[in-house]
Amino acid sequence: AEIASLRPNDVSPYFKTEPVRSQVHLEGNRLVLTCMAEGSWPLEFKWLHNNKELTKFSLEYRYMITSLDRTHAGVYRCIVRNRMGALLQRQTEVQVAYMGSFEESETHQSVSHGEAAVIHAPRIASFPQPQVTWFRDGRKIPPSSRIAITLENTLVILSTVAPDAGRYYVQAVNDKNGDNKTSQPITLTVENVGGPADPIAPTIIIPPRNTSVVAGTSEVTMECVANARPLMKLHIVWKKDGAPLSSGLSDYNRRLTILNPTLGDSGYYECEAVLRSSSVPAVAEGAFLAVLEPPQFVQEPERHVTAEMEKVVTIPCQAKGVPPPAMAWYKDTALVHVEKLSRFRLLGDGSLQISGLVPDDTGMFQCFARNAAGEVQTSTYLAVTSIAPNITKGPLDSTVIDGMSVVLSCETSGAPRPAITWQKGERILASGSVQLPRFTLLESGSLLVSPTHIADAGSYTCLATNSRGVDEASADLVVWARTRITSPPQDQSVIKGTKASMSCGVAHDPSVAVRYIWEKDGAPVSVDGIPRLRLDEEGTLHISQTWSGDIGTYTCRVLSAGGNDSRSAHLRVRQLPHAPENPVATLSPLEKRAINLTWAKPFDGNSPLLHYILEVSENNAPWTTLMASVDPEATSVVVRGLVPARSYQFRLCAANDVGKGQFSQDTERVSLPEEPPTAPPQNVIASGRTNQSIMIQWQPPPESHQNGLLKGYLIRFCLAGLPVGYQFKNITNAEVNNLLLEDLIIWTNYEIEVAAYNSAGLGVYSARVTEWTLQGVPTVPPGNVQAEATNATTIRFTWNPPSPQFINGINQGYKLIAWEPEQAEEVTVVTVRPNFQDSIHVGYIGGLKKFTEYFTSVLCFTTPGDGPRSPPQLVRTHEDGTGRPSSPPPQPLPELEYNGNPESVGYRLRYTRADGRGRTVAHVIHDRVEREYTIEDLEEWTEYRVQVQAFNAIGAGPWSHVVLGRTRESVPSSGPTNVSALATTSSSMLVRWNEIPEADRNGLILGYKVVYKEKDSDARAQFWPAEGNASRSAQLAGLAKYVLYEIRVLAFTWIGDGAPSSPPILERTLDDVPGPPVGILFPEVRTTSVRLIWQPPAAPNGIILAYQITHRLNTTSANAATVEVLNPSARQYTAAGLQPESTYLFRITAQTRKGWGEAAEALVVTTEKRDRPQPPSKPVVQQEDVKACSVLLCWEPGSDGLSPVRYYTVQTRELPAGEWTLHSASVSHNATSFVVDRLKPFTSYKFRVKATNDIGDSEYSQESESLTTLQAAPEEAPTILSVTPHTTTSVLIRWQVPCGTALPPPGSVRQRLDSREGLGAVSPRHCRSPSGYAVRNLTGAGLTHHQLDNLSKHRRYEIRMSVYNAAGEGPSSPPQEVFVGEAVPTAPPQNVAVQTATATQLDVTWEPPPLEAQNGDIQGYKIYFWEAQRQNGTERVKTLFLPENGAKLKNLTGYTSYLITVSAFNAAGDGPRSAPVRGRTQQAAPSAPSTIRFSELTTTSVNVSWEPPLLPNGILEGYRLVYEPCTPVDGVSKIVTVDVKGNSPLWMKVKDLAEGVTYRFRIRAKTFAYGPEIEANITTGPGEGAPGPPGEPFISRYGSAITIHWANGDPGKGPITRYVIEARPSDEGLWDILIKDIPREVTSYTFSMDILKQGVSYDFRVIAVNDYGYGTPSAPSPSVSAQKANPFYEEWWFLVVIALVGLIFILLLVFVLIIRGQSKKYAKKSDSGNNSKANALSHGEMVSLDEGSFPALELNNRRLSVKNSFCRKNGIYTRSPPRPSPGSLHYSDEDVTKYNDLIPAESSSLTEKPSEISDSQGSDSEYEVDQNQQKAHSFVNHYISDPTYYNSWRRQQKGISRAQAYSYTESDSGDPDHCPLSNSTSTQQGSLFRPKVSRTPPPQPPITPPSQQSTLYRPPSSLAPGSRAPIAGFSSFV
């Protein structure tokens, strides 16, 4: 045997790329798997799913699932084969993301108190595993020291306590598809809550698990959750192989994370739970971590292995991995069972050994190496001995008709499988690597020629080759020309009696005879013996004198040896339609004024009826057309809109395309009944005749609405606007059309309506007419008249207007009357217009005699006359007066006309619209030196009248003359009203609107624009202009069909576009037939069936109702097509029963209400040998097809690969450096040219094209030659940056070219400059038309500035700019105004200075710019000023329109630095600014604090907090808080004032309140002065709904612990949420909170005695708290002494023994001392006495601050007398009220009477250092708080802002001392004794105590280290160690 040698072009299959190991997709998505393999053609592919066959072998290398679901998940792989063998692809795992619902699980769990609660997340089916979040009672649970959430989403709550009970649930989120689900809640119950909290040994709740991870993973985490009590002492230690680990620990050491694990990280990991400071043994759990490595080949076989027959071959394959991979071998994808085949053996290293080779061993061998981390594969081709080819069935000579298909056989045998090549002459038609269009190499080796052409005739040769040799066979093919009907008969419709001709032209081979046969409706037509019928030589059938018997389908059949053909056509004979039959007219039973007309449908004359024509005869009048186009399908119609009381008769005729038929018979005459009039009387007019009568006039209703003979009129009237009934007047004569209403009320408004009536009833009332009776005169005088002289010649009147009900008309004003006594006939009268804004009216009579008495009176008058005068008053004039503001207004009032104190002089300014609309508005300017005032908030484009008057303390002077001014024009501020739209066709609609309200026009309307866009579209809105301000409608055209549009209308002025109308109007264009469906593809093609898919039409033009699919062989006629109608939701169709290897034509069309639309066509070949298409040819563009924004691209298609092209894709690239971008992906499959639009003008591009068929995309074509689009007119206007005067006749213009303008070479873009001259004060209407502009063209594309010269001096110009090029001119920029004749100043003002005037005012002065830099007359200055720290947010400008050298900046912020610059301006514009100058306003009183809040409200105390003032206006020095009861308490109203120095603290606790009393709190802040105060009231508890008192507490002691027991009381209106324990020293101390936040479930509480002061007796009480507040306290408990049991060394017997032993040593020592130094002994003794005394007098301890920065309080006691702290008076021990006064607290007594009987008259003084916590005892005193160094919250419960510190004492740090910060003084009547107080520091917990009574203070014990803390549970409110005791009466544990 010979060794097989492969030909160079024989390539065994191999994979180019391997698939990913796994992939995740969403449900519903499309999945496409590709088998990227190469090798000799043909390659075939098959797909497996979970090792089950999905498809048969085919050329399809892709597998597609159009809509994934979870059942599609699994392992996929493909098999590829060719004649060399087959290969198995490496598998890919497809996962489908989904999420189900939570499974049912336990809903209740319980756990013992202190144990760990393990709550497993309910199970949920999901991929991937969801992200889980735990919630408790609606709040998210974050991990913490007590809460762990494991990797398996288990919630573990460690050391559970009672509040852990609740409802827990999880929320799962699938981060792939976004689904989220919420589980049912799991209720957790905590049991054994009341038991003792004994320690719990550590246990591991969640042990670590054995874990495997693949090397290369970013991280791996192991976790271990343990529980113990106390939890804070639990510590978790991790070890690897016994060695402790310190890195990678997180989550309180519960998790160990190893980053980038490698093989070295494998091992045994152990977690150990240890309870520190305990002898309890630790517990440990462990697990193994395995790091895997995927297989890697160490040795692979060669691509080709050759071997001789009967020999032994070894194919090497060796791989490594962790764990070691298992090896498997496959031959042509079949597993090689080595154990069952004796010739095959698997060697130890994984290689395969084959012995006794046979030819069948030839093929592809694959080696797979697999382990838990993955798999890899390699392959080789094993070639064994080969056999020469042999053609077993060769081709036969064949004859075929042109256009048909033919198969030439060529079946072969040989090994390897021979390669088949077909040739015609020297031309290769088809082979493994070559395939020409129409020639297909079939799998059997045969050649399919489809379709055949005449040129295909000739000799065909089949060559079979392999490595052993060649065999060949030949045959001849003869192709006949096909006989075809080239001119088939056409459907015809002829009019009766005319001639019809049916053609049948044929093309055929000349040597073939042709015979014609005509059939009519399937029966042969005989032309013999019938003169009307004639058949000519060309096969045309002639029919003359057509009639209805000729109607039918005519078929021409052509018979010949070259093939047969047939075509059919339909002949229709038309005539006039007949008359409609049996017309009947009846009154409509459902509608008024309607007649039902019915008829029978007539014969249509073989032509569809176009319409009916309906005529009517009204009241025997001539016939007229009523309806010219009645629906031809209708047999009835309702005639509406008829007139009652008239008779009607009808007739119809039908019309088709031939003409109009005969009229039907007339219907019987039908009469309509009478109806009440449907229209009101017209032109109703009412006019007042007298003050008690009104005349009414009217005209009858229109005749068409009288609906019968009128009988008369009914008039109804009533008082306007009042809830009164109507009065009626009946006129029974229809000829009367007026009425005089009499006996009405004077000057009263009436509403009047008129209605007509006939025999059928009363008609419609007219629109309401209102009219007043005429006016009367007032009946009462003005009230509260006051008259006084204001100067020597003027009397000022004030009065109240009469009540409107007594004026009896329109108040025309008031008459002020003055006359001298005895001269009543000489009266001075001044008329004053009414003022409807003010309740008190003011008027003046001037020109009177000086120092003269006058009688004065006031009356009110209406048009008919005067009302009564007010009672006379006698007034005497003065000898003084006021001047007039000088004219013109820019000058202030001269001082000589002040006529009074200059400081009282000011100005009043008033203005109103010149057209009289609106009210007059006034402004007062109190600064007499002001020169200008800016009026704001005016209407645009409106003229105003302005006047100014001066006033002083005496009164106002006269008004200045009127000045007129007009605001500038603007854009309209609203859109047109009543916008409506009506669709007229499927692509147009009519838009109507009304004009804009005059108040919103803001200028002259030049036209309107319709703004429209598709609803919910992101595209920019389009504009449809309607020029002219008279336009009220626009017809929009070119719209998309059946699309909903948003439509708005706007108006524009010369300034620009106004606001569009709102809201948008929605209107949809009408529907139409749809466009063609798109996206037709054939994803599955078999030899006898195909499946096609499509997408709905891109232009549905309506609602799609159905799809129609037809398909037929491409060689047959349309009549042979198969038709299928599908529902509108269908998107795919499978056609079966097709012929193999054939071409079919499919047509798809959609249907809307308007009919079937355009069809989309697609060809398909029923073969499995399909391939991707060849690329199109290089696209070309003709120069004449290049436009500015588009080009016409042409190309030639390439081979379609036996799968017709579906569409082409066009890409563009912008030169020089642009990327290829997609322009269109839906170019028609039969297109060879395409218009590429949306291009940029004057830009270079390249293009390329690719084709796509069902198999895939072709390569892109070659790139086209580069081309440049043409220029286009610019689309944007340039932006004018500035227009500034340059000289007295020129201006300098600077602009910016629009960024979107594509600039061609320099010089081809030019700027166009328009300028127009205005005449100073020319009205803007003179500037409307652009015709007034002069134009200058500027060349040079790069220009950005230009000097416009030769202008006229002292003129104002408007400047506009546009850009133009060769293609045209762009839009103009908005106009800019400039004054020519002056230039802007070139220097800033000089010597700018700022002086501080007040807290809100700065005075700025300056000098003008140098004269040479002014460039004209300075018209004014602009002062720019801003806060120095925030320019952007605070910059303002004050414009001074006078050339003055100073200005006042007012309304500034107090104590703020400002920067000020000044610039001058003239008519040309603004000059430069000066350098900024700094000025600072003075301090002012601050604003009030922003808020007061109250918290911790009990029966005797409250926590008060406030916010700083919003405007400090300076440096805050402190706050003053004053509180007092709103009503006296026990007959005493105590006012307490507290001064808090510094700007913090911002809260205080007040504890000396009385129960159930309302207190008023007032707080104000202070800078250098106090600002306004903020006030709030609070009522002490208990509030309504608060709990009642718990039972009286019972106390029990256990060693050093105290337990308080109580019974539950009334919970109030809400459940109790917690308990609070208060304590006080038994000797008159104040109650204060000892323990907070005691759980509501408990009724006892245990705490250590260490938190109390040793040796002091305490009372305790309990308060319940609910949501309504603190409840009533319980009764106090019996007193309990905080005295511990003495240790043995303090017992008396131990002390006696020690004393005796010590005495013996002392006696020995005494003898020695007597001998050696008796004098020293006495000296020592004397010193000791002095020191003791000194210590008592100077005793004091410097106390430090702890970490909370609380000030600590220290008493610096001075021994002032020998009396103790309880001073006897009158035989009773009493105490002076304690005065805690840190230096920053100052008390002032305001109600001394309370203590006068108890306090001896002597002043005492204490000094204290800052205390962390102190309290007011509620004494009637005042105190201050100073901020010393740190933010030290001092005394009176200024704790800290954080509420968690409210009730905590802090241990003081050593070494930090505080300076003496507090002074305390009190002054009362009497002489109190000085009572020194001892000061001590606790060594354990904070304590509460009263100082013991002693005449000398005890020595200060040293501070000892704190002892080991107790393990008892203490709430956060427990007092910390090291707290010192405050003086008696003040809280030591709040």
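Here the Cβ of each residue, glycine as well, is placed from N, Cα and C on the backbone.
Model, not experiment: these values are computed from the prediction.
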Suppose you had to name the range TrEMBL annotates as region 'Disordered'; which of 664-685, 686-707 would you pick? 664-685
Compare 13-95, 781-880, 975-1072, 1388-1484 by their Cβ pairs under 8 Å to the domain 'Ig-like' (389-478) and return the stretch that comes out on top. 13-95
Look over the recorded stretches 13-95, 483-572, 975-1072, 1388-1484, 1586-1685 and say which has the most C-beta pairs under 8 A to the domain 'Ig-like' (295-383). 13-95
As a test of reading the model: what is the averaged pLDDT for the domain 'Fibronectin type-III' (975-1072)? 90
Which residue counts does DSSP yield for the domain 'Ig-like' (13-95) in the helix, strand and coil classes, in that order? 3 helix, 43 strand, 37 coil
Run through the domain 'Fibronectin type-III' (975-1072) and tell me, per DSSP, how many residues are helix, strand and coil. 3 helix, 43 strand, 52 coil
